[in-house]
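For reference, the structure discussed in these notes is given below.
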Amino acid sequence: MKRIGILTSGGDAPGMNAAVRAVARKAMHEGLEVYGINYGFAGLVAGDIFKMNESTVGDKIQRGGTMLYSARYPQFAQEEGQLRGVEQLNKFGIEALVVIGGDGSYHGALALTRHGFNTIGLPGTIDNDIPYTDFTIGFDTAVNTVVEAVDRLRDTAASHERTFVIEVMGREAGDIALWSGVAGGAEDVIIPEHDFDVKKIASKLQSSRERGQKHAVILLAEGVMHADQFAKELAAHGDFQLRSTVLGHIVRGGAPSARDRVLASQMGSYAVELLLQGKGALAVGIENNKITAHDVRTLFDAKHHAELSLYTLAEELTF
């Protein structure tokens, strides 16, 4: 193996650039040529491919987003799209790839491996919804961004004795809301993985007010419902001064945290090691603070589970 490619796919996440940097520099250290593929699988099919060097990834580790850009390309699920990608890989002499993205990106990685190009997947998503990894690249930064916003919103909530419902990203996973809720001292956390009762929440808020706590912050995962709808349902059970806020794509941006930079560097380096061993169709993760790899096919039938012990802790520490 002499040449490998790197692409980022799906939603961007802080730390993707750190992962690209690690893959590129580790591969170059091992004597490999490295090619960057712009715009994910769409760029692969279009042949938007360029040779990288050490300076290409210089001054990138601290930057959010992805220097390789990203795009969704559902056509790659079809054989025709895959064959067009294979044609471009052959044209540039690329023999293996590292794909950085969410669960959808892993399907593309498996398809390319089946076509004879070993491909390793790295979990790049703020949602932390990938099975067989405790953390995904970008999750820690996203939580820190949310917590900073929660701290700021709590200031104004306290000033006006209001209850803020803060909706955060995460798709069908509640990890961002859960971790941010505990770190931000939220009065309640609503996630898809756990049932909730609006009437009981209203009752707890009222009891808290009677004890002198005149303001509150509630973290709501977007996979449950929209913040406005939740606030409307909550208002039906009590006389609360409610405000709803949506923390949208701001959570995906910004410089990656130190933890995400280190995690991305570890995963990127390990991905190259796996390729040098002739392995493909593997998904890299971190489990119990150890970098691991699993057959990517096992991820499709598995389901990520939120750390419900953390949910219990959140309940014990609120109201």
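Just so it is clear, glycine is given a Cβ too, placed from its N, Cα and C backbone atoms.
The active site, proton acceptor annotation in Swiss-Prot covers D127 and is backed by sequence analysis. Annotated ATP binding site per Swiss-Prot: G11, R72, Y73, G102, D103, G104, S105, in sequence order. Feature annotation from Swiss-Prot assigns ADP binding site to R21, A22, V23, A24, R25, R154, G185, A186, E187, R211; the stated evidence is sequence analysis. Marked as Mg(2+) binding site by Swiss-Prot on the basis of sequence analysis: D103. Feature annotation from Swiss-Prot assigns substrate binding site to T125, I126, D127, R162, M169, G170, R171, E222, R243, H249, I250, V251, R252; the stated evidence is sequence analysis.
Each residue contributes its Cα atom, and for M169 (substrate binding site) and D127 (active site, proton acceptor) these two points are 7 Å apart. Close to G102 (ATP binding site), meaning Cα to Cα within 10 A, are the following binding-site residues out of T125, R171, G185: T125.
Secondary structure at D127 (active site, proton acceptor), as computed by DSSP, is coil. DSSP assigns R243 (substrate binding site) to a strand in the three-state reduction. In terms of Cα spacing, the binding-site residues G11, V23, D103, G104, G185 that come within 10 Å of T125 (substrate binding site) are G11, D103. Note on G104 (ATP binding site): other Cβ atoms within 10 Å of its Cβ, all shown chains, come to 18.
Residue with the densest Cβ environment among the recorded positions D103, D127, E187: D127, by other Cβ atoms within 10 Å. On a Cα basis, the residue listed as 'active site, proton acceptor' lies 22 Å away from V23 (ADP binding site).
Excluding the listed site residues G11, R72, Y73, G102, D103, G104, S105, the same chain places S9, G10, G40, G101 with Cβ atoms within 8 Å of the centre of the ATP site Cβ atoms. Local packing around the binding-site residues V23, M169, I250 was summarised as the count of other Cβ atoms within 10 Å of each Cβ; on this measure the leading residue is V23.
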